[in-house]
């Protein structure tokens, strides 16, 4: 993160002519298990990762907000808080910030303007929640600058609202919640219905390895919407609000009444919720063989019942699995149809995993994987100014 801090503080001083008073960060995340359960009111188990979005900021006496995006060639934007905050079709990066600030105002928070320089190293388009990190870091920045009486959970909800209503992208609450509330060396078990969270300690000797398949993700939106509709149709058959409320026994008893594809989709969600709760327990106990079993079952369910994996992802999972055996776990993570694989491995195995992927993945798929070796880090907050 030190390079990011250097970038934002130097750029701030150069472009604004004075030093920033606050440095704030919010992390990206990876979901360890619990896929496509969020919109079914289920459980997820993400952790925050040590790839962050960082802001250098200072209060203003007036109501101007001046923005600089280091990662977009120091592109700038500015607006007045007393005027209507409008969507900018030509500056997508700025809309996440505008949306967060607009939603804070609508929630009744009062503050003046700010000078803000932002930069991040969360890989974009890899499904590691660079957008949620940006939304959360902006909410956190105004909290820190103006001592706003806002909880971390509300910062997360405010970010989700900005993405849904202002940016116009439908997302669950997981990404913002883990970015706002993550704890170092812990995963977070999140109940997507009650929004209750529980920090789950991770074994000390564990690396979180994220492997981007670099398979271009096609069909994501249309297939995602289809899966949501199928899950809603299944819930309707059972007369419940969401698949969270259906047991496997109930599904089996009514299977004949369901469309076979809908039944498969429902089976994934119901079993994935169970697996996520069991995985949290295995993590607490440091039971790697059990965690590995659950992650393998999760991947098989996404492949066979939810049908969201692709050949490249399955290949990547098989390569990693062959290296780690029962001493860790690996599965696809994220929406599907490409994207990333997450592996929980002993630090001593990281090099062997990297080597196996380098040797076999490109040969099998024609693609090179990008590998990020991470650890579970803390959620959004102030970075001490050195």
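Using N, Cα and C of the backbone, Cβ positions are placed for all residues, glycine too.
Site annotation for substrate in Swiss-Prot covers 35, 36, 37, 38, and the matching candidate from 224, 361, 372 is 224.
Annotated pair residue 128 (ATP binding site) and residue 29 (site 'Transition state stabilizer'), C-alpha to C-alpha distance, rounded: 5 Å. Distance between Cα atoms for residue 131 (ATP binding site) and residue 37 (substrate binding site): 20 Å, as a whole number. According to DSSP, residue 127 (ATP binding site) sits in a coil region rather than a helix or strand.
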